[in-house]
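Visitor: Encoded as structure tokens, here's the structure I'll be asking about.
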Amino acid sequence: MPTSPPTVSATPMTWSSRRTGRPTSASSASTSWAGPITSSPMSSRQHRRHLGVVASGLSFPNGMVITPDGKTLIVNELFGNKITAFDIGADGKLANKRDFANFGEIGDEPDVAKRIEAATIVPDGLALDAEGAVWIANTVNQNATRIAEGGQILDTVDTAPEGIFAVALGGDDGKTLFLCAAPDWDEGARSKAREGRMLATTVAVPHAGRP
């Protein structure tokens, strides 16, 4: 598979975001979806008024994107070894839960370390491109990975020994892949050291969808 070398585009910065209880979200004009990192349901908020559970059975829902037509929500399952998709209804409700990419079921194993050991991907942040593929922040695997619907790995950006915890496509032409890198995801260690970096590399296919 092709590999693209990243380049540093910013100076080191403090990584001090507190992970406990903070949702990851994507939103359309009237509805926001959030997956609390302390539980497996996923919630939606419509017009800043109603908050309700719209999906369950997810293994640590994390990075999310909405396709350009506003009809599909794609969400990473951090400890599920997969990426999941839903149809978005006109009322903002989710339906037709399905695999976008599944690298093997891990089952009900409660131990996070064992789930990570068994996984092919550990997807944190997520970005969608104009060909319908996604870039994932492949955390402890120390890379960003481009994956097609169905699970084919199209490209990998190796960042070892640093892990990647968020990704975004941007720049003037949407072809700059930004990578949030850090030695690990230990909150205590990260808050005490200025070791996080923002990396960037150029890719062939531009950004699409939201965010």
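Even glycines carry a Cβ here, placed using N, Cα and C.
Keep in mind that what you see is a predicted model, and the values were worked out from it rather than measured.
Reproduced below are the annotations present in TrEMBL:
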type: ACT_SITE; residues: D124; note: active site, proton donor/acceptor
type: BINDING; residues: N62, D124; note: divalent metal cation binding site
type: COMPBIAS; residues: 1-15; note: compositional bias 'Polar residues'
type: COMPBIAS; residues: 16-36; note: compositional bias 'Low complexity'
type: DOMAIN; residues: 48-182; note: domain 'SMP-30/Gluconolactonase/LRE-like region'
type: REGION; residues: 1-48; note: region 'Disordered'
Visitor: Within the domain 'SMP-30/Gluconolactonase/LRE-like region' (48-182), how many residues are helix, strand or coil going by DSSP?
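Guide: Within the domain 'SMP-30/Gluconolactonase/LRE-like region' (48-182) the tally stands at 7 helix, 69 strand, 59 coil.
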Visitor: Taking only the Cα atoms, work out how far D124 (active site, proton donor/acceptor) lies from N62 (divalent metal cation binding site), in Å, as a whole number.
Guide: 6
Visitor: Looking only at the domain 'SMP-30/Gluconolactonase/LRE-like region' (48-182), what is the mean pLDDT?
Guide: 92
Visitor: Fewest other Cβ atoms within 10 Å: which of the recorded positions N62, D124 wins that one? Let me know.
Guide: D124
